[in-house]
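A.B. asks: Below you will find the structure I want to go over with you.
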Amino acid sequence: MMVAHPLPLLAILLQLLLSCLPALGYSNRFFYQDILNGNGNGEIHFNGVKLHVDSSQPSMFALRGSNATLSCRYWYEPELSSPRRVRVKWSWLPVMGGHETDVLVAIGPRIHSFGDFRDRVYLRQDSPGDASLVMTELQLNDTGRYRCEVIDGLEDKSATVDLELRGVVFPYQPPHGRYNLTYHDAQQVCQEQDSTLATFEQLFQAWEDGLDWCNAGWLADGTVQYPITKPRSPCGGLGLAPGVRSYGRRHRHLHRYDVFCFSSSLRGKVYYLQHPQKLNLTEAQQACLNDGAQIAKVGQLYAAWKFMGLDRCDAGWLADGSLRYPITNPRRNCGPMEPGVRSFGFAPPHHKHGVYCYSAVVVFPYQPPHGRYNLTYHDAQQVCQEQDSTLATFEQLFQAWKEGLNWCNAGWLADGTVQYPITKPRRPCGGLGLAPGVRSYGSRHRHLHRYDVFCSSSPLRGKVYYLQHPQKLNLTEAQQACFSNGAQIAKVGQLYVAWRFMGLNRCDAGWLADGSLRYPVTNPSRNCGPLEPGVRSFGFPPPYQKHGVYCYSAGMQ
């Protein structure tokens with residue numbers, strides 16, 4: 001009597017089982033029968049071949065808003081003579097615990113991303129066996145452990161990568177006083193301050209960097225701890241060595257403490273508003289709005305202090321009603337002789353103080369290819385949209401003028417007025433007798449009158465870069481070169497944002513999507529135009545001319 005080989009029977013049973021899954025509500029859209037490799041009869045042949053999965057970088061650090069590539073590679077021993085169709089699955093275990101959730105599943109060219117990761121992740125696939133995950137526009141809550149799982153038939157191997165964001169940890173106590181936050185309150189107040197709950201690892205690093213705080217606060221894992229660099233009686237006693245003191249895990253609904261929040265890098269700018277008089281809290285909020293910005297949050301101020309060296313010895317209102325100021329260069333009359341963000345707590349809202357504002361837009365003038373003063377209001381809306389931007393408001397233009405924008409051509413703004421900013425008065429631009437300022441033509445007819453336009457762009461979800469290509473390209477070749485590089489030719493608004501917020505500095509003119517030729521300079525030098533930062537323009541050359549090109553990738557590190 002012949003005995004059937006067990007493998008074909010096992011494969012058939014597996015296929016029958018999986019065929020029932022749609023009826024049970026299984027909605028992953030990727031099934032194991034998609035990856036059963038063999039001779040067409042459902043047989044799976046490995047014959048001693050072993051599947052390996054590994055990560056060359058089991059842990060990595062990144063900044064919020066940036067992109068990251070989590071390495072993962074799979075291979076076979078001995079090497080296969082022909083490729084096999086495998087299923088690659090990335091999942092994520094949040095740093096604060098909970099269930100592992102799906103990030104991405106792929107079978108060959110078929111890729112599906114999930115939840116908050118949708119449209120922010122893809123597989124790099126630079127070479128055979130490359131299953132590395134590219135993550136774009138990193139968010140504060142992306143910290144955690146990522147699992148790369150490769151499935152080939154019944155073989156299943158995996159590797160993990162720990163992702164940590166670099167940033168700054170700060171203690172936070174709400175307006176209603178010390179030890180008033182449950183765990184869920186703590187999550188909410190950190191989120192309100194443009195931050196998230198700190199992890200123990202982040203707090204430990206902050207302690208190593210000198211953070212000393214005697215009030216206990218929640219961490220992401222539900223423990224309550226506090227960092228001490230200078231032991232003293234009220235903070236565990238003089239007899240204990242410096243370290244991070246722990247109360248252990250506490251009840252998330254019943255127990256109340258302060259909190260340690262974590263903020264990563266900014267995509268905008270925090271600044272102390274130069275205002276003719278001091279302001280109460282309501283006036284401070286409005287003053288930032290009038291300046292084309294918003295009143296800054298605590299996490300934004302800490303990030304500006306940590307990453308941008310913000311140093312100001314003037315106390316100012318923040319969005320939560322607290323009064324703080326950042327010091328990177330300690331000096332007399334500015335608090336302790338060590339760097340930090342000083343706090344005066346929560347002053348009565350009617351008191352008069354300065355204010356810190358936060359702005360995350362860049363304003364740029366735009367003139368279309370067919371020449372100066374050719375846009376109706378609705379044309380202006382459309383060309384800004386085509387350049388990945390929107391019509392600038394007067395407040396945004398005013399802030400750009402304060403930062404040095406000088407442009408003699410009048411342009412539409414969002415409110416239907418036509419204006420232009422002048423920092424250096426001259427004859428063709430209102431005359432030498434007028435002071436610097438934003439010149440206005442007032443409201444104009446939106447259908448009949450024609451001008452240029454001022455557009456505004458916010459931080460990008462990807463990266464702009466100058467394409468390293470062996471030869472110069474005409475416009476059509478430039479578009480194709482970016483496409484062949486897994487990207488698109490960059491738009492004007494994207495180039496301005498990369499210059500303004502990402503420090504893109506390149507002295508090579510390159511094609512952009514509208515057919516213009518530009519290049520960004522953050523560090524002015526000889527032979528790169530005027531000795532001031534900006535985006536230089538060569539207008540719209542004939543499309544057959546040969547130049548470089550700037551590309552934009554939504555998923556490039």
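Note: Cβ is positioned from N, Cα and C throughout, glycine not excepted.
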A.B. asks: Which of these, Cys214, Cys261, shares a disulfide with Cys235 in TrEMBL?
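C.D. replies: Partner cysteine, according to TrEMBL: Cys214.
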A.B. asks: From the disulfide entries in TrEMBL, identify which of Cys357, Cys384, Cys408, Cys551 pairs with Cys482.
C.D. replies: Cys551
A.B. asks: Name, in the order they occur in the sequence, the residues of the same chain whose CB lies under 8 A from the CB of Cys408 (disulfide bond) and which sit 6 or more residues away.
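C.D. replies: Within the chain, Cys408 (disulfide bond) has Cβ neighbours under 8 Å at Tyr420, Ile422, Arg426, Pro428, Cys429.
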A.B. asks: Just give the helix, strand and coil counts over the domain 'Link' (268-359), going by DSSP.
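C.D. replies: Each residue of the domain 'Link' (268-359) counted once, the result is 21 helix, 29 strand, 42 coil.
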A.B. asks: What is the nearest of the disulfide-bonded residues Cys235, Cys288, Cys334, Cys507, Cys528 to Cys551 (disulfide bond), using the Cα of each?
C.D. replies: Cys507
A.B. asks: Residue counts in helix (H, G, I), strand (E, B) and coil for the domain 'Link' (362-457), per DSSP?
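C.D. replies: Its residues divide into 22 helix, 30 strand, 44 coil.
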A.B. asks: Reported in the order helix, strand, coil, what are the DSSP residue counts of the domain 'Ig-like' (65-164)?
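C.D. replies: Output for the domain 'Ig-like' (65-164) reads 6 helix, 53 strand, 41 coil.
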A.B. asks: Looking at the disulfide-bonded residues Cys214, Cys235, Cys507, Cys528, which has the shortest Cα distance to Cys357 (disulfide bond)?
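C.D. replies: Result: the closest of the disulfide-bonded residues to Cys357 (disulfide bond) is Cys214.
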A.B. asks: Going by C-alpha positions, which of the disulfide-bonded residues (Cys214, Cys482, Cys528) is nearest Cys334 (disulfide bond)?
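C.D. replies: Of all the candidates listed, Cys214 is nearest in space.
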